[in-house]
């Protein structure tokens, strides 16, 4: 099941980025709910909040190392554990952004909540939600088993 989650996250991420590039790049931004939620095309050459701009090789190396650690952890965990599914969400997001960095030299972002200081993408969402769930499990459910 974990491999299905990884594949789903990568597919959803890459498909939505394709749509963003095709439809948003020419117009820049589309207000879905004016002053609250926009779809805004951004080529992110750094990390969150614009940190470490133009460090593509650095991000590729870090992502590969983290990916290896995630895969190793997933192999060691029971196949059907919530921990495994959570790591699969994070791995899928990491792979989605890695594909962009290798293929394009930047990550396509497009989800733009006007009250939040950064534009992000589906991969980022799965990484953050996966990390929050993992943190919860580790703190309140007694660590990784």
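Cβ atoms here come from the backbone N, Cα and C positions, even for glycine.
Classification of residue 109 (active site) by DSSP places it within a strand. Marked as active site by Swiss-Prot on the basis of sequence analysis: 109 (among others).
In this structure, residue 124 (active site) is part of a helix by DSSP. Annotated active site per Swiss-Prot: 124 (among others), in sequence order, evidence recorded as sequence analysis.
Non-local neighbours of the transmembrane segment (57-77) in the same chain are 2, 47, 83-84, 87-88, 90-91, 94-95, 97-98, 101-102, 144-145; each lies 6+ residues outside the stretch with a CB under 8 Å from one of its CB atoms. The transmembrane segment annotation in Swiss-Prot covers 57-77 (among others) and rests on sequence analysis.
Marked as transmembrane segment by Swiss-Prot on the basis of sequence analysis: 79-99 (among others). Same-chain neighbours of the transmembrane segment (79-99): 1-3, 5-10, 13-14, 17, 60, 63-64, 66-67, 70-71, 73, 107, 121-127, 129-131, 133-134, 137, 144-145, counting only residues six or more beyond its ends whose CB sits under 8 Å from a CB of the stretch.
Beyond the ends of the transmembrane segment (120-140), by six or more residues, the same chain brings 9, 12-13, 16-17, 20, 48, 82-83, 86-90, 92-97, 107-111 to within a C-beta distance below 8 angstroms of the stretch. Marked as transmembrane segment by Swiss-Prot on the basis of sequence analysis: 120-140 (among others).
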Tell me the Cβ neighbour count for residue 109 (active site), meaning other Cβ atoms within 10 Å of its Cβ, over all protein chains shown. 23
Let me check the 10 A CB neighbour count of residue 124 (active site). How many other CB atoms are there? 20
Residue 124 (active site) and residue 109 (active site), distance between Cα atoms, whole Å: 9
